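Colleague: Below is a structure I'd like to ask you about.
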Amino acid sequence: MYGIEYTTILIFLISIILLNYILKSVTRIMDYIIYRSLLIYVALFALTRAQNYGLNLPITGSMDTVYANSTQEGIFLTSTLCLYYPTEASTQINDGEWKDSLSQMFLTKGWPTGSVYFKEYSNIVDFSVDPQLYCDYNLVLMKYDQNLELDMSELADLILNEWLCNPMDITLYYYQQSGESNKWISMGSSCTVKVCPLNTQTLGIGCQTTNVDSFEMVAENEKLAIVDVVDGINHKINFTTTTCTIRNCKKLGPRENVAVIQVGGSNVLDITADPTTNPQTERMMRVNWKKWWQVFYTIVDYINQIIQVMSKRSRSLNSAAFYYRV
């Protein structure tokens, strides 16, 4: 009898000791998990608040998220600014240290050294083939040229707006545009696009579907072409597949981390006349100086006012963002 009682008491004590050990082990494990989670959270928080140096991120699709406007206190300490300029500017300035000089001037406006990037492009036509806008704020300087006015207008329409695009297989399908916001965007070293509108019996309207020469030409030897046709009508499409791509795109709205500075010209290009531009506002400005030093001085002087009409974005942008839907 006493042996049974002793055994019961012993088992009870062992159970208490074992339970106490288990509870302590669980507590240690939970402490480890909690402290490790806090460490990871602090590290990630520090990284997200750190300076973004404009890495070439492979972002596809239109996934931008609007951040607080630049009037927020301390915005320049956690933001990057990209300034895109033509080769003509650096050639005219002819000074190996001109970028360093401008960086020091931007510093007086609150932009830390290393937060402003200067990116050169050869000409508007080539830049339009592969526009890469990786900074939080992007200013594109375009020298006005009467002969390139339409190219400038199309490039501005492209980079000042968000586009959601899908590839097009013209060998298998006919395509139609569903509304004013629906366009076909072609890019490449040389794009010639022809279309043949079809009736309900898929017969050509004013053209022969079997004769490409009878198609209507809507773009010829262009590097960027935003094609607009009559809505609700199927079209058979032909384009130079070896040097060009074409995508079926829908304009989603303004891309507010991009602004265009037009250099010269009597009037600033107006893309708001396009009914797809909604609201009817644009981030296009004009400076009228003959010398590029004057242009850059003006931009430095007014950089903070320019930024205030823009919004910071969370994603980088490259030409793939115009092409593939996520």
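Heads up, residue numbers simply count up from 1 along the chain you see.
Any Cβ shown, glycine's included, is placed from N, Cα and C.
Fair warning: this is a prediction, and the values are worked out from it, not measured in the lab.
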Colleague: Pick from CYS165, CYS207: which one does Swiss-Prot say forms the disulfide with CYS196?
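Modeller: Out of the candidates CYS165, CYS207, the one Swiss-Prot links to CYS196 is CYS207.
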Colleague: For CYS82, which disulfide partner does Swiss-Prot record out of CYS135, CYS165?
Modeller: CYS135
Colleague: If you look at what Swiss-Prot says, which of CYS244, CYS249 makes a disulfide link with CYS191?
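Modeller: Swiss-Prot lists the disulfide between CYS191 and CYS244.
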Colleague: For the Ca(2+) 2 site, Swiss-Prot lists ASP228, VAL229, ASP231, ASP301; sort out which one of GLN177, GLN201, GLN262 goes with them.
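Modeller: Ca(2+) 2 site check in Swiss-Prot: besides ASP228, VAL229, ASP231, ASP301, the record includes GLN177 out of GLN177, GLN201, GLN262.
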Colleague: Can you count the other CB atoms that lie within 10 A of the CB of GLN177 (Ca(2+) 2 binding site)?
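Modeller: By my count, 20.
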Colleague: Need this for a regression test: recorded positions CYS82, CYS165, CYS196, GLY206, SER214, CYS244, filtered to those with Cα within 10 Å of ASN238 (N-linked glycosylation site). What's left?
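Modeller: Of CYS82, CYS165, CYS196, GLY206, SER214, CYS244, within range: CYS196.
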Colleague: Could you measure between ASP95 (Ca(2+) 1 binding site) and CYS82 (disulfide bond) for me? Cα positions, answer in whole angstrom.
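Modeller: Distance (Cα to Cα, whole Å): 20 Å.
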Colleague: Taking just the CA atoms, what is the gap between CYS165 (disulfide bond) and GLY206 (Ca(2+) 1 binding site) in Å?
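Modeller: GLY206 (Ca(2+) 1 binding site) has its Cα 29 Å from the Cα of CYS165 (disulfide bond).
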